[in-house]
Amino acid sequence: MEILLATTNLHKIREFKEMCKAFAHLEILSLHQFPAYMCPEEVGTNFKENAISKAEHAAKHLNRWVLADDSGLVVPRLSGKPGIYSRRFAGLEATDEENRKKLLLEMRQLINKEDRTAYYECCLALSSPTGLQKCVQGICEGFILNEARGRNGFGYDSLFVKNDYEKSFAEIDEAVKNRISHRRKAFERLSAFLENLRD
């Protein structure tokens with residue numbers, strides 16, 4: 001059975017394909033295979049609303065089962081920023097490095113580790129052409145470093161250290177990150193549903 005990932009993000013595609021290896025009956029596609037499709041504008045006020053909107057829109061317009069992800073970094077002491085604007089925190093065309101620099105700038109007065117707590121949040125929405133079927137959430141808690149460390153990962157990974165770990169998400173092996181990430185936690189809550197999903 002085919003499931004379309006509503007993303008063109010190569011990092012996310014690779015991560016999801018790795019997690020889906022346990023489900024031999026599923027074939028994972030991405031929006032790279034549907035270049036004419038136009039994603040809806042993200043107008044939700046939280047990750048859940050955006051994930052559902054992306055999943056339902058693609059499922060309806062492409063007449064397929066669709067799995068959509070909306071995720072980002074939340075810093076409570078910054079009133080939840082960057083939050084749903086994680087990918088475009090420093091501007092619509094901002095690079096990962098520019099987004100990280102803006103985050104560090106906004107956190108420059110937060111010296112104590114307890115003031116630098118943060119968490120990654122992921123919401124996954126699974127939709128069929130007839131509508132939403134399942135929506136789940138995963139969270140990974142940690143804190144923000146004073147400077148970037150590591151070369152793996154993407155986004156804010158080089159600034160984020162998971163609680164009980166010493167290395168940033170960009171310093172640990174990708175396979176390890178994929179076992180402990182917010183996306184993995186959300187995916188595990190979807191696993192039973194995917195296991196029973198058939199054409």
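Even glycines carry a Cβ here, placed using N, Cα and C.
So that you can see what the record holds, here are the features copied from Swiss-Prot:
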- Asp70: active site, proton acceptor (ACT_SITE)
- Thr7, Thr8, Asn9, Leu10, His11, Lys12, Ser71, Phe154, Gly155, Tyr156, Asp157, Lys177, His182, Arg183: substrate binding site (BINDING)
- Glu41, Asp70: Mg(2+) binding site (BINDING)
| query | Which chain-mates of His11 (substrate binding site) that are at least 6 residues away have a CB under 8 A from its CB, listed by sequence? | reply | Gly153, Phe154
| said: Nearest by CA distance to Glu41 (Mg(2+) binding site): which of the binding-site residues is it, out of Thr7, Asn9, Ser71, Asp157, His182? | reply: Thr7
| task | Quick one: of Glu41, Asp70, Asp157, which of the recorded positions has the smallest count of other CB atoms within 10 A? | result | Glu41
| field | Intrachain C-beta neighbours of Thr7 (substrate binding site), sequence separation six or more, cut-off 8 angstroms | value | Ile13, Ser30, Leu31, Ala68, Asp69
| query | Measuring Cα to Cα, how many angstrom lie between Asn9 (substrate binding site) and Asp70 (active site, proton acceptor)? | reply | 12
| task | Between Gly155 (substrate binding site) and Asp70 (active site, proton acceptor), find the distance joining the two CA atoms and give it rounded to the nearest Å. | result | 13
| query | Can you name the residues of this chain that are 6 or more positions from His182 (substrate binding site) yet have a C-beta less than 8 Å from its C-beta? | reply | Ser71, Tyr119, Tyr120, Glu121, Cys122, Gly138, Ile139, Cys140
